[in-house]
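Feature annotations, reproduced from Swiss-Prot:
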TRANSMEM  3-23  transmembrane segment
TRANSMEM  24-44  transmembrane segment
TRANSMEM  60-80  transmembrane segment
TRANSMEM  95-115  transmembrane segment
TRANSMEM  136-156  transmembrane segment
TRANSMEM  177-197  transmembrane segment
TRANSMEM  198-218  transmembrane segment
TRANSMEM  239-259  transmembrane segment
TRANSMEM  273-293  transmembrane segment
TRANSMEM  325-345  transmembrane segment
Amino acid sequence: MNPFILSILLLSLGLGTTLTFASSHWLLAWMGLEISTLAIIPLMSQHHHPRAVEATTKYFITQAAAAALILFASTTNAWITGQWDINFDLHFFPASMLTMALALKMGLAPVHFWLPEVLQGLDLTTGLILSTWQKLAPFILMCQIMPVNSSLITFLGVTSTLVGGWGGLNQTQLRKILAYSSIAHLGWMILVMQFNQQLALLALIIYIPMTFSTFMIFKTNSSTTVNTLAASWAKTPALTAITPMILLSLGGLPPLSGFMPKWMILQELTKQDIPLTASIAALSALLSLYFYLRVSYAMTLTISPNNLNATTPWRLQTTASTLPLAISATISAMLLPLAPATLALLSL
């Protein structure tokens with residue numbers, strides 16, 4: 001893609017999300033969401049592959065339906081209450097519609113079916129943008145309409161953690177595994193959002209570098225399926241040694257960074273006297289941990305078949321900067337000692 005066009009699209013992507021962040025009016029927030037959607041569509045279809053075009057079409061139809069529902073719900077709320085302000089108390093019916101529309105935009109279960117299929121048709125870089133940046137604006141909007149319908153939010157959170165764990169079990173495609181991982185992590189954030197929004201934001205902040213690291217590692221290895229990871233030792237031995245730590249951090253295993261938000265969320269849910277919800281979320285994390293372990297095993301403990309006379313793949317020096325990956329990998333693995341300081345900051 002032309003660098004000038006690419007810079008305009010990325011700028012529009014940032015502008016749309018920033019507009020939604022800064023808006024206190026539902027029409028402006030809707031406009032920001034639409035700018036982001038329209039900016040990412042050319043990035044998704046830039047390779048002109050039938051799968052990419054199919055994924056782009058599915059994404060466009062889903063996002064258009066969600067945007068129409070947001071517009072309808074906000075108009076209905078303005079008609080009932082006479083207010084367009086986001087921070088104004090919403091009527092229960094429009095609030096429920098808005099929650100479902102934002103859940104559809106983010107890919108929360110049970111309206112998640114588009115996300116694995118769309119991610120499967122994209123390259124890893126665009127998939128990374130879809131899994132991280134595109135979640136921010138709907139997430140912030142959901143934070144602002146939170147106090148209205150807690151039972152619907154709890155249902156979305158529990159369903160997402162279960163579906164995110166269950167759906168990834170039988171997958172061999174790495175992009176689908178990462179899609180279900182995204183659904184499960186968003187489920188954890190949504191569960192705690194109604195009780196402690198700072199904790200939900202902390203989970204999102206830690207989720208982003210972990211996902212960034214995982215996507216970048218798979219891109220460096222040119223891997224799209226679990227089976228192709230077997231050649232990782234020959235291509236990038238140092239990166240392959242670090243990868244299990246990042247994957248197990250995504251699974252929430254101590255003493256890695258990913259354990260911190262899960263630990264704090266379970267603590268908060270128990271404080272709020274909903275131990276059953278906390279238990280279901282904790283057990284669903286075991287399902288996710290299994291498929292992260294499977295990917296780690298395929299990458300580090302298996303070697304691709306070759307005879308002794310054959311040469312190993314060339315370890316070509318990458319031309320891209322490895323600094324962002326190094327920083328995100330460090331954050332993904334080593335933030336747990338900061339948990340007491342984080343708890344103190346959250347309780348201010």
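Cβ atoms here come from the backbone N, Cα and C positions, even for glycine.
On a predicted model such as this, the values are computed, not experimentally measured, just so you know.
Here the transmembrane segment (239-259) lies next to the transmembrane segment (325-345) in space: the count of CB pairs under 8 Å, restricted to residues six or more apart, reaches at least 3. Between the transmembrane segment (3-23) and the stretches 60-80, 136-156, 177-197, 198-218, the greatest number of Cβ pairs separated by less than 8 Å involves 136-156. Most Cβ pairs under 8 Å to the transmembrane segment (95-115), among the stretches 24-44, 177-197, 273-293, belong to 177-197. Cβ atoms under 8 Å from those of the transmembrane segment (24-44) belong to residues 1, 5-6, 9-10, 12-13, 15-18, 52, 55-56, 59-60, 63-64, 67, 70-71, 74, 77-78, 84-87, 105, 118, 121-122, 126, 129-130, 134, 137-138, 141 of the same chain, restricted to positions at least 6 beyond its ends.
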